[in-house]
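Note sheet for the following structure.
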Protein chains: 2
Amino acid sequence: MKPIKVGLLGIGTVGSGTFNVLKRNQEEIARRAGRSIEIAMVADLNTERARELTGGTVEIVNDANLVVNNPEIDIVIELIGGYGIAKDLVLKAIANGKHVVTANKALLAVHGTEIFKAAQEKNVMVAFEAAVAGGIPIIKALREGLTANRIQWIAGIINGTTNFILSEMRDKGLDFDTVLKEAQRLGYAEADPTFDIEGVDAAHKATIMASIAFGIPVQFNKAHVEGITKLEAIDIKYAEQLGYRIKLLGIARRTPMGVELRVHPTLIPAKRLIANVEGAMNAVVVQGDAVGPTLYYGKGAGSEPTASAVIADLVDIARLATADPENRVPHLAFQPDAMSDLPILPIEEVTTSYYLRLNVADRPGVLADITRILADAGISIDAMLQKEPAEGETRADIILLTHQTQEKNILAATARIEALQTVAPGITRLRLEELS
Amino acid sequence: MKPIKVGLLGIGTVGSGTFNVLKRNQEEIARRAGRSIEIAMVADLNTERARELTGGTVEIVNDANLVVNNPEIDIVIELIGGYGIAKDLVLKAIANGKHVVTANKALLAVHGTEIFKAAQEKNVMVAFEAAVAGGIPIIKALREGLTANRIQWIAGIINGTTNFILSEMRDKGLDFDTVLKEAQRLGYAEADPTFDIEGVDAAHKATIMASIAFGIPVQFNKAHVEGITKLEAIDIKYAEQLGYRIKLLGIARRTPMGVELRVHPTLIPAKRLIANVEGAMNAVVVQGDAVGPTLYYGKGAGSEPTASAVIADLVDIARLATADPENRVPHLAFQPDAMSDLPILPIEEVTTSYYLRLNVADRPGVLADITRILADAGISIDAMLQKEPAEGETRADIILLTHQTQEKNILAATARIEALQTVAPGITRLRLEELS
């Protein structure tokens, strides 16, 4: 069969990984795909570096339009990132009848609906395994491996930077700022780490997974997004004492009222497998009604792990390109005319358990007041940790773990608790998921 | 699009799960697949129970030939098991131009080459996600998700019964026989548990995974198979003290000389994620050259988890049926004309680390004699645990962990050590893998 001709937009970290893996494993890949897959053209503003990286074997251009308009190119790989020029180029490639492979989670989480619609009209595929959890084939598992299931929820460690920081904070008892600096020094965090540490990157990925799991349009603007910048070392320690770890999770859950879509630091039982995912690794738990819980683990970023996903998409497209378009795997797992309009719930409507840390006066009746307010709000207490006041102190920490309740209930109850004169202002509130 | 008509051979545990999940989730599945998938005919010797399970909505026959010969049936699901009648029926279905879905690992591990060849000649697909690790989409990950990679090794907990027994032995400090009886009482082990506890079931699955990972024909008869029946509680305890857990692993590793294909109890570092897979759960680690390590975890058996895999195969076939046959995913991941003839290594040629437990006389020079023999054989010692003799005893246990060596070297060295008068006969020898 004739080789598949690929055009590459952007030859940075993932682009060079894709070029190198395709070259190194070209025989093995061709033995699987039944044909060879060749990068025929590369567009990058830095043409000199692109020429160095490719060793002069490939046509290099600095205008990406030359790639998306080239009739010789079958598939365009978009690795530019962001919403701007990347979007234009993806839409142009689609308009020109080319299949697209992209690792651009931001683009799909925000403009996915428009892009997938354009692709459907032109009968081309847009593949994006690399957009979520790097080399872990989680999109494939959700879209194809678990098709039998009504998916109930997904919970994932889908940002390596923040998981590295949380692992280090726990391991070494250090605070966030110290560890962030170390992470930047080691290359686990970028110079501007905002998208990672504020949870935006994880929310892009959770948005995409929620769409695929439940058949809803991508709606990044409805996601609840909290990062780890305000997380204190003391809470990691108290959580540990109660048998929990704190992870930044991307969570998508189907309820009868709507879909929960949220990213925030979360206490999870230390005995769960996902609680033991350390360092920059990623892992996603998917709960299906037939299969039960399944977990997928691996490197969520990096040159060759992400390239692994990009190339898997190339082979998939090579295979499915000859199938009837309506028999291909739908972009968002469900047929475009069979999407659901289940709304995304505002965070106040979300149901979860809570970890509360209160600093209280060490005197009789304080705990009774607090538990009375929670009881009045219908919130049961699952566990409590009461610390002795430090030497010479008259105040102490109380940690409460609640059973499940709606966020609006806990907000109302904690406001009432904060109004008690015996309780210091600023209750620390973290969400807790049993993941069972 | 017109519905896919499915014929089911055998409506036992997995068959009834398949029927129930297809019925319960029919709308969700159709929204994904773009068409409905219907079980139109069921063959089972117990027609009465079959009628009960299906609620009288489906044609029930007691002769499976009526299903495989029915021109209305598009896909046949074989859930009879074993090598005999199941093989005949699968081949007949293929000869009649029907696609086949099977959970029969024994059949594929032994007769896969013949079956896949027949399927290829008739341009039909034989799908078998359910044959390995139940509901975990590991076949899909290996065949499609990781196509970019040169796969280096696979190590899996792929038998739930033995993992349950090992978890209980470690947790409660009990011996094998006691836990086996408990497992049988709880339904985790069958009345005749031989295939599970002797490692045969795991070896069937490892055989299939090795073929897909390395593009070699299925060769069950070349697999090295050891179960857990001889494992002693004391070794689980000593392993724990050295920072290791003992798991029954199915291992497939590519070396320049050939493929290692082996199932045996294995020490693995307790800190590895897979070491923390407890109870009847399954997990598989795959090491690819681009992606690094990835892990897949879930329920490896049971009615609905296995049904989840069977139905995913049905949807896959429905999708790929319209693609050019040469563009479909090859049965063993590699194109039939691009398979490798890399041999499977005899166990003596396998390279691994070892755990040795020796019972020795507590007198000077014994350890020097032992370590000298190992050094002469070129075997380095990685760790040692020396137990004090019990009160009134003159003998003690020594545990040695070695660096990697070939099995034949350790066999020769332990034979020499056993010939020492100070060492009791019967050195306990277990293999150890760092999985890094």
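Even glycines carry a Cβ here, placed using N, Cα and C.
Nobody curates TrEMBL annotations by hand; they come from automatic prediction.
As recorded in TrEMBL:
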- B:LYS205: active site, proton donor (ACT_SITE)
- B:LEU9, B:GLY10, B:ILE11, B:GLY12, B:THR13, B:VAL14, B:GLY15, B:SER16: NADP(+) binding site (BINDING)
- B:LYS105: NADPH binding site (BINDING)
- B:GLU190: L-homoserine binding site (BINDING)
- B:355-435: domain 'ACT' (DOMAIN)
Margin query: Other residues near the NADP(+) site, CB within 8 A of the CB centroid of B:LEU9, B:GLY10, B:ILE11, B:GLY12, B:THR13, B:VAL14, B:GLY15, B:SER16?
Written below: B:LEU8, B:GLY17, B:THR18, B:ASP44, B:LEU79
Next item on the list: Based on DSSP, name the secondary structure state of B:GLY10 (NADP(+) binding site): helix, strand or coil.
Entry: coil
Next item on the list: Rounded to the nearest Å, what's the C-alpha distance separating B:GLU190 (L-homoserine binding site) and B:SER16 (NADP(+) binding site)? Just drop the number here, would you?
Entry: 19
Item checked: Structural state of B:LYS205 (active site, proton donor), classified by DSSP into three states -> helix
Check: Using DSSP, how many residues of the domain 'ACT' (B:355-435) fall into helix, strand and coil, respectively?
Finding: 23 helix, 29 strand, 29 coil
Margin query: Nearest of the recorded positions to the residue listed as 'NADPH binding site' by CA-CA distance, picking from B:GLY10, B:GLY12, B:GLY15, B:LYS205?
Written below: B:LYS205
Item checked: B:LYS205 (active site, proton donor) and B:THR13 (NADP(+) binding site), Cα-Cα, nearest whole angstrom -> 19
Margin query: If you count other C-beta atoms within 10 angstroms, which of the binding-site residues B:THR13, B:SER16 is the most crowded?
Written below: B:SER16
Margin query: Can you tell me how many other Cβ atoms are located within 10 Å of the Cβ belonging to B:LYS105 (NADPH binding site)?
Written below: 26
Next item on the list: In whole Å, note down how far the CA of B:LEU9 (NADP(+) binding site) lies from the CA of the residue listed as 'active site, proton donor'.
Entry: 21
Margin query: Return the count of C-beta atoms lying within 10 angstroms of the C-beta of B:GLU190 (L-homoserine binding site), excluding that atom itself.
Written below: 13
Checklist line | Among B:GLY10, B:GLY12, B:GLY15, which are binding-site residues, the residue with the most C-beta atoms within 10 angstroms of its C-beta | finding: B:GLY15
Item checked: Spatial neighbours of B:LEU9 (NADP(+) binding site) that are distant in sequence (at least 6 apart) but have CB under 8 A -> B:ALA43, B:ALA64, B:VAL67, B:VAL68, B:VAL76, B:ILE77, B:GLU78, B:LEU79, B:ILE80, B:ALA86, B:LEU89
Notebook entry, point to check: Around B:ILE11 (NADP(+) binding site), which residues of its chain at least 6 apart sit with Cβ under 8 Å of its Cβ?
Noted result: B:PHE19, B:VAL42, B:ASP44, B:ARG49, B:ALA50, B:LEU53, B:THR54, B:LEU79
